[in-house]
Amino acid sequence: MKVNGTPYRSLWWEENAQALQIIDQRWLPYDFRIEQLETLAEYCEAITGMHVRGAPLIGATAAYGMALAARLDPSDGNLDAAWAALNATRPTAINLRWALDRCRKALRPLVEADRAAAALRLAHDIADEDVEINRRIGQHGLEIIKEIAAKKPAGEPVRLLTHCNAGWIATVDWGTATSPMYQAHDAGLDIHVWVDETRPRNQGALTAWELGSHGISHSYITDNAGGHLMQHGQVDMVITGTDRTTRNGDVCNKIGTYLKALAARDNNVPFYVALPSPTIDWTVSDGVREIPIEERAGREVSHVQGALPDGMIGTVEVTPKGSGVGNPAFDVTPSRLVTGLITERGVCDASAEGLAGLFPEFAASGDPA
Ligand SMILES: CSC[C@H]1O[C@H](OP(=O)(O)O)[C@H](O)[C@@H]1O
């Protein structure tokens, strides 16, 4: 997507430096900073510290981390160590494990001398595939928005609500939940997006920044406003991303998604999830009981980051001293609350049959890596 007229991906390989460059999202939307990753420790910190975030982007970053490891020392031992270090960065988004397994599976059979070049090519492929997957998700999501638009009174926009940031900055490009929004806007459809701020890291500010940069009408709302808006007929469709979706359609996503799905069901609002196939965990059926939920630092809840009057970026403490803090970063929406899954191969029910119908080869093997 473009930033001030310049096309960007969320990460890119800098040939001259032979290093990965990322947009350091910790400073958005207040400041646009680019960071160059040069050591495995920097790759790990970039993921753990959410310099890069979003399931597909985490996976792509990890693939470049494996390419770095293969260049420094292509031995099995070093690749295994890199795999373990990167896999330990964040526990919930399955794209991390998917990318690492795919890299290790591709490199193991090769002689060591061939591994560095192969690993870099594979990282590039994973990044490019993500862009194409998300573009296709956008095409399928656009058809849903068109169907809703056709039933709306003339002059009334299609009103979407989204939670967190499943935007181009959470992927290599296009985003997952935002790809249908971009493509609907570019196709001339009138849309308005309710953007959940998404406490505590306020990734909604990233979504608002993205949509504003693309000229898409939107409103930044508190996380607790969504149910009220749905109750008053102000939402035509909810669409979110996902960090891990089980083989039967249970959806793990940013904390608060489950509550939006409950409100959507109670108000008969369709609830869609944009789902790239690398985000499907074919080994898990019961999302609530089997998906590990990341517990992040309490400081993310007790302190809020923002732009200070002098333009500097700072944090303000918002909880009383001595209060305990909880910070589960994700929750699981049971498949029964999901209207449909928008994948790169089309839209399906949130069910084992639905996903197996679109991805028979993965459903059979259980191993998409
Ligand atoms: C397109 S995946 C985006 C997904 O990842 C986010 O989590 P985080 O910001 O903690 O990396 C969030 O759950 C989004 O829906």
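One is the number of the first residue shown, and numbering goes on along the chain from there.
Note: Cβ is positioned from N, Cα and C throughout, glycine not excepted.
Heads up, TrEMBL stuff is auto-annotated, nobody curated it.
According to DSSP, Lys254 (substrate binding site) is assigned to a strand segment. Sequence annotations record features per position, and here TrEMBL assigns substrate binding site to Arg53, Gly54, Ala55, Arg90, Gln203, Asn253, Lys254.
In the three-state DSSP scheme, Cys164 (site 'Transition state stabilizer') is classed as coil. Listed in sequence order, Asp196, Thr198, Gln203, Gly204, Thr207, Thr240, Gly241, Asn253, Lys254, Gly256, Thr257 are the same-chain residues at least 6 apart in sequence whose CB falls under 8 Å from the CB of Cys164 (site 'Transition state stabilizer'). Annotation source TrEMBL lists site 'Transition state stabilizer' at Cys164.
TrEMBL lists Asp243 with the feature active site, proton donor. The 10 Å shell around the Cβ of Asp243 (active site, proton donor) contains 31 further Cβ atoms across the protein chains shown.
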10 Å Cβ neighbour count around Arg53 (substrate binding site)?
23
Using all protein chains in view, find how many other C-beta atoms are within 10 Å of the C-beta of Arg90 (substrate binding site).
21
Give me the Cα-Cα distance between Arg90 (substrate binding site) and Asp243 (active site, proton donor), rounded to a whole Å.
11
Over the residue list Arg53, Gly54, Ala55, Arg90, Gln203, Asn253, Lys254, recorded for substrate, what is the maximum interresidue Cα distance in Å?
17
Neighbour tally for Gly54 (substrate binding site), based on other Cβ positions within 10 Å of its Cβ:
29
How many Å lie between the Cα of Gly54 (substrate binding site) and the Cα of Asp243 (active site, proton donor)?
7
